[in-house]
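A.B. asks: The following feature annotations were taken from TrEMBL:
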- HIS285, ARG286, LYS301, LYS308, LYS309, GLU310: substrate binding site (BINDING)
Amino acid sequence: MGGKVLAIAGCTNAGKTTLSKTLTQKISEIYKYSITHILQDDFFYTQDKVRTIQSNTDDSIVFYDYDSPRSLDVEKLKETLIEAKKRYEIVILEGNLLTLLPTVMENVDKMLFLSLDKKTCAERRVQRTDYDPPDMPGYFEQVVWPVYEETLSTAEKMSESVEIVDGNRSDLVTYALMNLFNTFGNYVRLTTEQLNVEAITNTVASDQAGGISIFIGTTRDNFEGKSVTTLFYEAYEPMAYQELWLICKEVRSKYPNLRRICIHHLLGECPVGKKSVVIATSSPHRKDTIDATEFIIDTLKVRVPIWKKEIYKQGSGEWKENKESLVHINANSNGKTL
């Protein structure tokens with residue numbers, strides 16, 4: 001089957017390298033997957049083999065066209081990618097020209113295409129001092145930006161495997177991880193929208209699965225003798241997502257035949273009778289999926305930083321922590337208060 005390939009493409013100076021390096025480090029150190037980072041720019045031909053372009057505005061200026069697939073050893077890039085998929089669980093492939101390389105794209109599971117407005121791109125580009133050769137006057141307008149528009153247009157016509165996102169998006173790392181782990185069949189979502197059990201069931205359904213197990217958590221109308229009217233859920237989202245993805249990896253190690261996992265948790269208000277969490281798993285056999293779903297909800301309650309505030313009929317309210325989580329904290333603090 002081979003490793004999963006997440007491509008980071010898009011506009012020059014949109015943050016592709018920063019994102020790729022951050023993902024590589026996090027995935028290796030936190031999630032413990034074997035991973036490698038392949039950079040498109042390492043496959044450019046030497047300058048003597050790169051075509052030149054005459055400036056449209058100054059006959060004395062000649063550009064080396066490093067923004068063209070013709071300047072790349074595409075076959076070597078493809079072969080390197082295929083070999084990396086055999087050796088690693090995850091491959092991060094980075095480059096601004098990837099959407100113009102169909103034989104490379106055949107090996108990509110998911111692409112995030114980072115977009116950027118022209119003004120911001122130009123301002124960032126002019127500050128770069130590491131281009132070799134450096135940008136000549138007019139190169140950005142004549143070559144760089146038109147090529148970006150071509151790659152963007154191509155990305156817009158591609159399948160669901162390519163997603164165009166704002167390069168300035170504040171949660172870009174979390175969003176990239178979400179798209180990557182979706183390719184493993186691990187669908188995790190924290191949302192303020194009503195949870196849709198039918199959609200979640202369809203997400204985990206598979207022709208290779210003979211059983212689907214679903215847990216639905218709802219708000220009950222009482223707690224320790226008090227009448228509850230509603231709950232409010234809050235989460236430290238970066239850490240919550242991290243723990244949920246780690247739980248997905250753990251449950252797959254315990255039940256390797258699992259096909260798909262879906263964990264959706266509501267944030268915000270959850271009145272009595274409404275769904276706060278839906279967990280679904282699928283597997284060829286019922287026992288694995290039933291046990292896996294139970295493991296996920298039990299582990300979620302212990303480890304994931306999601307808190308709830310109970311609002312009582314009398315009008316008062318109180319923040320609550322899962323009892324399982326308190327036991328976990330006390331056990332790990334040797335009886336000391338953290």
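Just so you know, glycine gets a Cβ as well, placed from its N, Cα and C.
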A.B. asks: By the count of other Cβ atoms within 10 Å, pick out the sparsest of the binding-site residues ARG286, LYS301.
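C.D. replies: Taking ARG286, LYS301 as the binding-site residues, the minimal 10 Å Cβ count falls on ARG286.
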A.B. asks: Which one of these binding-site residues has the most other Cβ atoms within 10 Å of its own Cβ: HIS285, LYS308, LYS309?
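C.D. replies: Of the binding-site residues HIS285, LYS308, LYS309, the most buried by Cβ count within 10 Å is LYS308.
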